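So that you can see what the record holds, here are the features copied from TrEMBL:
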type: DOMAIN; residues: 2-226; note: domain 'Amino acid permease/ SLC12A'
type: TRANSMEM; residues: 32-53; note: transmembrane segment
type: TRANSMEM; residues: 81-102; note: transmembrane segment
type: TRANSMEM; residues: 123-144; note: transmembrane segment
type: TRANSMEM; residues: 156-175; note: transmembrane segment
type: TRANSMEM; residues: 196-214; note: transmembrane segment
type: TRANSMEM; residues: 220-240; note: transmembrane segment
Amino acid sequence: MVFAYSAVELVGTAAGETAEPEKIMPRAINSVVARIAIFYVGSVALLALLLPYTAYKAGESPFVTFFSKIGFHGAGDLMNIVVLTAALSSLNAGLYSTGRVMHSIAMSGSAPRFTARMSKSGVPYGGIVLTAVITLFGVALNAFKPGEAFEIVLNMSALGIIAGWATIVLCQLRLHKLANAGIMQRPRFRMPFSPYSGYLTLLFLLVVLVTMASDKPIGTWTVATLIIVIPALTAGWYLVRKRVMAVARERLGHTGPFPAVANPPVRSRD
């Protein structure tokens with residue numbers, strides 16, 4: 001379920017690539033919420049209204065079940081084409097968006113320097129190449145564990161997604177605290193019911209993590225890898241923090257081609 005909503009946070013990445021984030025970002029964020037409500041929640045609600053829940057079964061797409069019930073027996077082949085097209089589209093979007101993120105963090109000193117390379121047309125090919133190479137590990141995994149590869153990849157991806165969302169919420173809570181102290185200026189487009197909504201979001205993500213751990217055996221082992229991943233990431237941070245902080249001081253107030261005007265430091269009137 002977490003994987004279904006992945007990449008919605010990338011709308012925020014565009015803030016550093018946009019000349020007028022205060023105008024563009026509210027529109028973009030609201031459109032994402034509207035599309036989720038219409039195309040995802042709406043389709044699930046429609047399927048629930050059309051057939052009783054007992055008609056749907058695991059291992060078969062609910063859309064295939066519905067179309068088969070109304071006499072369209074070629075629904076399976078049609079849905080395979082749709083799923084394949086969606087998978088290729090997701091792969092294409094994932095390659096580019098990850099390449100863009102790699103370029104951004106490389107500029108801040110947190111990724112290998114070659115991932116900051118851009119083509120003349122503005123394509124972050126360094127990050128895309130690295131992402132494509134790592135993607136090939138999925139091919140090897142499928143060769144050794146064909147029956148479990150998909151579930152393993154989904155669970156590992158879910159861990160990264162949860163970590164990313166939690167980091168965003170923690171940053172927002174930090175911004176709220178700095179704004180109350182008069183150090184930073186909050187944007188006009190704000191998170192509703194902050195900071196309490198942030199705490200509730202973190203609690204929800206923790207519940208999702210616990211639920212994943214209870215899904216034996218793959219979910220349990222996936223969450224157990226945090227015992228290794230968290231210390232490794234912590235050690236990595238201590239190795240590169242001086243370089244990252246030096247770059248951050250040089251690029252204060254900038255996250256991309258344009259100034260990060262969404263939450264600038266409060267300037268004295270003196």
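Heads up, the Cβ atoms here are built off N, Cα and C, so glycines get one too.
TrEMBL labels come from automatic prediction, so no person has curated them.
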When counting Cβ pairs under 8 Å to the transmembrane segment (81-102), the leader among 123-144, 196-214, 220-240: 123-144
Stretch-averaged pLDDT - the domain 'Amino acid permease/ SLC12A' (2-226): 84
